[in-house]
Amino acid sequence: MDFSVLRNLISRYCVGEEYWVDSRTVYIGHKEPPPGAEAYILQRYPDNRIVSSKYTLWNFIPKNLFEQFRRIANFYFLLIFLVQLIIDTPTSPVTSGLPLFFVITVTAIKQGYEDWLRHKADCSINECPVDVIQQGAVVRTESHKLRVGDIVMVREDDTFPCDLILLSSSRDDGTCYVTTASLDGESSHKTYYAVPDTMAFVTEQEVDSLHATIECEQPQPDLYKECLCIYICLLFFRPLGAENLLLRGATLKNTEHIYGVAIYTGMDTKMALNYQSKSQKRSAVEKSMNAFLIVYLCMLIGKALINTVLKYSWQWSSDHDEPWYNQRTEIDRERHVIRAFTDFLAFMVLFNYIIPVSMYVTVEMQKFLGSYFIAWDTDMYDEDLGQGAQVNTSDLNEELGQVEYVFTDKTGTLTENCMEFIECCVDGHIYIPHAICNGQILSADHEDLFFRALCLCHTVQVKEEETVDGIKMGLHQGKPTSFYISSSPDEVALVEGMKRLGYTYLRLKDSHMEILNKDDEIERFELLHVLNFDSVRRRMSVIVRSSAGENLLFCKGADSSILPRVVSGKVEQVRARVEQNAVEGLRTLCVAYRSLSPADYEEACHRLSAAKLALQDRDQRLMQAYDFIERDFTLLGATAVEDRLQEKAADTIESLHKAGMKVWVLTGDKMETAVATCYASKLFRRSTQILELTKKRTEEQSLHEVLFDLSRTPCVCVCVFMSRLSVDCQDYGLIIDGATLSAVLKPGPESSGSGNYREIFLEICRNCSAVLCCRMAPLQKAQIVKLIKASKEHPITLAIGDGANDVSMILEAHVGIGIMGKEGRQAARNSDYAIPKFKHLKKMLLVHGHFYYIRIAELVQYFFYKNVCFIFPQFLYQFYCGFSQQPLYDTAYLTLYNISFTSLPILIYSLIEKHVSVETLKRDPSLYRSEDVAKNSLLCWPVFLYWTCLGLFDACIFFFGAYFLFDNTTFTSNGQMFGNWTFGTLIFTVLVFTVTLKLALDTHLWTWINHFVIWGSLLFYVIFSLLWGGIIWPFLNYQRMYYVFMQMLSSGPAWLGIILLITLSLLPDVVKKVLCRTMCPTATERQATASENGSDVFQSSCTHVRCIWASDISLEEVRGLNVPLGQLDLVYIIIPDGHAVAVILSLPQ
């Protein structure tokens, strides 16, 4: 059998397909195969360069321009600019071109800077030093110069520069320990194995002399599955798996050095293939902006169309007296359609300023600069981590203020993911570490076996070194002592717990595990086999041989996985203790053992060897072997480990509830443990009625019956707010497990009725204040988030987690937040925002989110308002100039209005405005869901129409006020009449002062920055106008504004008119604000007033007897609440259809 036939055969079996496609052959050390082998064909693979940037020096300008002009607003203004260049328009192309150029330039600089940072990050990675074996010596080179087939030497605490096959290790057993935090979020240590046939090559010369070929599939992103094989000198082959593959980005730990061969480099590595670019998330504010923009675009087209029609109607009227010098020629008469179209385009150009192109760049700057307030917040800085909050995307700042659903992980998010051994139960006897230390006597029959089992059944490594990951560990009285590291924090807690109980695990040396028993005697056990833990079996086992020659199988795992396989032992006592610990929120494991006879051991070895050597269905055959070996157990006992709740986690969840958010916990933990955590974190209260939708219940009843039983539950939540803000709420909580959720979400034939399960499930969830989803797979977490997002209410969702298993739901939610926890940084890197602790979520939402939404909503509405004020007088002016397209304002004013005169005050306002204090927002979370901000209330259509109508009103005041003041009036002392440009300048002056002072009236927090930009903008306008009209500029062909502004200011009536028109324009808005704050103040205004007066909001709001009834709620039902009505101020009743009805009462004592 020649080499090619052998390769095709092995490839077929590895992949399970008849034909192999797209494989790659790697020659170790780039050595050509010996004579007689298949022809040597040099294959070209990418180098080890990592590229995360979008642009290069050559394609930045065209690519960036293409991306920017894909935005409708930019493309629209580009068309307007081109129209101004092509046809004769009333305004200069500069008026459209300069603002567009400004917007495009600012955006390009921002995106270019961000890409430059990505280039710097890429360069720092690509230029990292790497040790390569060449001609039997270690040669240091740069990372990007690595090629497929290079033999690489990696030292301890170094990161693997590419995907490597582990050839040999400095450890005698050919293993190495690796952390993969940057890949899958797990910071624990994992064990990888060298190729058995190459593990003896331990020097540079020996490794360089290796002649071997690796056959592997083309790169694919699966981190945990790999099918490849190695051919040693064409004599024999050995299949390899994921346990032999070291991935780029992982870090070598507790191993002096390793040798590996590069098989995937650069963008072919699994880390690069797993880089999931985030889908572009759009906030509700951006969607509202686009909707408003379409309305204004329709207004623009309508204005242009009306003016075009009226122009030709007027010109074609019989009583139209046109001067002889303006008579239309025959050509003009024949081309009236084309002429009408060009006039329509000219009117579009004249009125196009109603579309605020600068709004987009202002919004981007506001988001970009505003995101720094989160990063700078010292309240969100964690001393232990030495890090504060991070903003990975600034496009969703305002979405933080509109969250309705919060989906959170449990372990590491609500809890600390810091395990502490609490107790163990052996044959029904309880052992507590501190009690043992105080002299408790071990009395159970199996206590020695139990303690030995926990000292042996694990993958813990012992490290005797002062520093791990930059943290000093293991120091005792200045001397280094051993400490434990493992892939599971539970295992470390158990081994440390055994040490406190008198049994110390010492080391693994020469395949022998050493423990120090309670009599200070060292016991040695030969480690024969390790049956690793997996999420399907939910247990792990080891087979060891004692010094007496007895073969023992020790197993630990979940109670549901161990107890069905037990044939002897005190099962009921242990089960009762496990259930009690689970209710208390402790993580439990059961421990069992089995003594193997020589025949049993031989059979176990045979099955394990056959499964490991299988080339096809290897994983399935291993599972079958494990299932055969792990049986007929004798139960020893159980353990309890505590994962402590994070600081202020309960207070944060309670605040989120008060803010009107529904909190869901999505966890892979068992139900009892998760329920206990939910009670401790105040997700569930003692008065909460729990509804269960679990596999246990669906086994007793059909899923159909259970769902309809729950849907008929009278889920009426009555929240009674007493005069001192005490809350007594009977609510409902739902518990669902992963298996039942799969059945609910599983699509089925419509005839079966299963198609309605989703809606029934959603209806049940709407009637519950909190939901716990346990035994959830990562994909199911994302499915839950997607289900709620797609519901008919389309609520804003937020997902928060700390591990790689939370990334899917973080990417799926509207807003994703990562916790910088102990499970790596993958969740933090894939999130929109990252915070050190769960408690920081409270301020991020209730304070930052609230402020961001208020500010950007005001920014958007204000931009549309000031542009209506700006361009509507131009529309009215056409009725008085014969629709001749004569501009009302000078070109400089048209160009600089949005760029200079009015842009900076609103930008500063949108960055630092605080309508209420931070302490008030934290003290009263209900302001988050108040009617004036919830459900995108500030950008709803009624508010938009108010701002638009206010702009139209002010524009009419500007135009007609100036018009009547000009009518038959001489303003100058010498009797000279003001002209067209003076009329426009007067209107523009009133306009600039009015819109700026309008913003000043809306400002609550005044600082020196506000004063500087507001009064500075007005001063800049005056100075610019004086210079623009007071100097003869040599670069202008004509200067129609010469001396216009100074002539206007020299007139007393002009001053009086400006002051009068500004006052008339601002008066309605001032009156409206005073009346609204007096008669129907918003919740924020009531709270601000109450804070100033030191009184209670709810007491002051119920001074009279007022009742607002629902059709199906009677006074008797309200009295049936068993609440002393003399103290009752406010009752919220949520009826089953999800609508809230307020009943406001104030009855005598």
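From the backbone N, Cα and C atoms, a Cβ is placed for every residue, glycine too.
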Please identify the range among 58-80, 978-1000 that TrEMBL labels transmembrane segment. 978-1000
Do the transmembrane segment (892-912) and the transmembrane segment (1012-1036) come close, with at least three CB pairs under 8 A (pairs 6 or more apart in sequence)? yes
Using a 10 Å cut-off on Cβ-Cβ distances across all protein chains shown, tell me which of the binding-site residues (Asp409, Phe533, Arg775) has the largest neighbour count. Asp409
Under a criterion of Cβ-Cβ distance under 8 Å and sequence separation of at least 6, what residues of the same chain contact Arg587 (ATP binding site)? Met419, Asp490, Ala640, Val641, Glu642, Asp643, Asp669, Thr673
Using DSSP three-state counts, the residues of the domain 'P-type ATPase A' (129-192) come to 7 helix, 38 strand, 19 coil
Chain residues outside the transmembrane segment (978-1000) and at least six past its termini with a C-beta under 8 angstroms from it: 862, 865-866, 869-870, 873, 877, 886-890, 893, 897, 901-902, 905-906, 909, 954, 958-959, 961-963, 966, 971-972, 1010, 1014, 1017-1018, 1021, 1025, 1040-1041, 1044-1045, 1047-1048, 1051, 1054, 1057-1058, 1061-1062, 1065-1066, 1069
Secondary structure composition of the domain 'P-type ATPase N-terminal' (42-96) [DSSP: H/G/I, E/B, coil]: 28 helix, 0 strand, 27 coil
Chain residues in Cβ proximity to the transmembrane segment (291-310) (below 8 Å; excluding those fewer than six residues from its ends, i.e. six or more beyond): 72-73, 76, 340, 343-345, 347-348, 350-352, 354-355, 860, 864, 867, 875, 878-879, 883, 939, 944
Looking at the stretches 862-880, 944-966, 1012-1036, which one shares the most CB pairs under 8 Å with the transmembrane segment (344-363)? 862-880
